[in-house]
Amino acid sequence: MSVAGLKKQFHKASQLFSEKISGAEGTKLDEEFLDMEKKIDITSKAVAEILSKATEYLQPNPAYRAKLGMLNTMSKLRGQVKATGYPQTEGLLGDCMLKYGRELGEDSAFGNSLVEVGEALKLMAEVKDSLDINVKQTFIDPLQLLQDKDLKEIGHHLRKLEGRRLDYDYKKKRVGKIPEEEIRQAVEKFEESKELAERSMFNFLENDVEQVSQLAVFVEAALDYHRQSTEILQELQNKLELRIALASQVPRRDYMPKPVNTSSTNANGVEPSSSSKLTGTDIPSDQPCCRGLYDFEPENEGELGFKEGDIITLTNQIDENWYEGMLRGESGFFPINYVEVIVPLPR
């Protein structure tokens, strides 16, 4: 910094100290300017908090948000274009219902109903994905641009104005000790900064209908999401009511006890249970899992390490390259090409 620059910084600091500690009064700006400045300050705070809350509205689980951020960063580093999507709660519940509905089979009324509800929830998850994309593009991104460009520029003008105001007030109180030319230049710079800040705030506040338009687009997207979800649920409700009506017309069967087959009992007259036949390496047939083909050492936070031959419980497929699973009470991500799937995840 030049000598002149250091001198100016000293003037500002000295004037600020005088105002804060000694109670000296600085140059007052007009009420209209102060009113605009207050509205800009409130708008800046509103935009910052709305951006945060809008993201929570679309993706309420902070752990999943952090996980997605890490995975998408890793994908970018690997040169992968496709980003990992947020796992919608409707989709997760739908997967669960589909899995057990199919296991119960088509001869089970409850199983068939689980499949129908699961498929409907999967459709709702797709609609929610569309809402996420729509709101991000038409509401969150424009607000982010507003914060990063317009409000940032206004903030720059206001900070510059305050600096020049302090410099001007310092020199104004030292008339006779400071050359008149310096005071005149300080006045000109102060007035120039005030005009720039005033014009930028005025133009922003006069065009705030743009933000109203963005809110309208957000509401329209939310309305469309709820409209489509209502249609899906209404159709599902009709199916379930029809299934209940048909089930009430089917005659109930009487329970008929079956004779016990004693041919396979052991010496004590007790048939071995299925659980007693399992060894420590047996895998439940209904539990999605995989076996490690190679040792995998985690390099990043959130990754799950394992050894060759380890049996890992599968909980989710993140993308075409990564699984999420559990091993010995720990959960994390690991590459698909390091394992052999034994029981696949439900589709």
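In case you wondered, yes, glycine gets a Cβ from its N, Cα and C as well.
Listed features, source Swiss-Prot:
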REGION    1-21  region 'Membrane-binding amphipathic helix'
DOMAIN    18-249  domain 'BAR'
REGION    60-87  region 'Required for dimerization upon membrane association'
COILED    180-201  coiled coil
REGION    218-254  region 'Interaction with ARC'
REGION    255-284  region 'Disordered'
COMPBIAS  260-284  compositional bias 'Polar residues'
DOMAIN    285-344  domain 'SH3'
Worksheet, complete the sentence: Tertiary contacts of the coiled coil (180-201), defined by C-beta under 8 angstroms and 6+ residue spacing from its ends, are 27, 29, 33, 36-37, 39-40, 153-154, 157-158, 160-161, 164-165, 167-168, 171-172
Worksheet entry | Chain residues outside the region 'Interaction with ARC' (218-254) and at least six past its termini with a C-beta under 8 angstroms from it | 54, 109, 112-113, 116-117, 120, 123-124, 127-128, 130-131, 134-135, 138-139
Response to the item:
Averaging the pLDDT values of the domain 'BAR' (18-249) gives 89
Worksheet item: In the domain 'SH3' (285-344), how many residues does DSSP call helix, how many strand, and how many coil?
Response: 3 helix, 31 strand, 26 coil
Worksheet item: For the region 'Interaction with ARC' (218-254), DSSP counts of helix, strand and coil?
Response: 32 helix, 0 strand, 5 coil
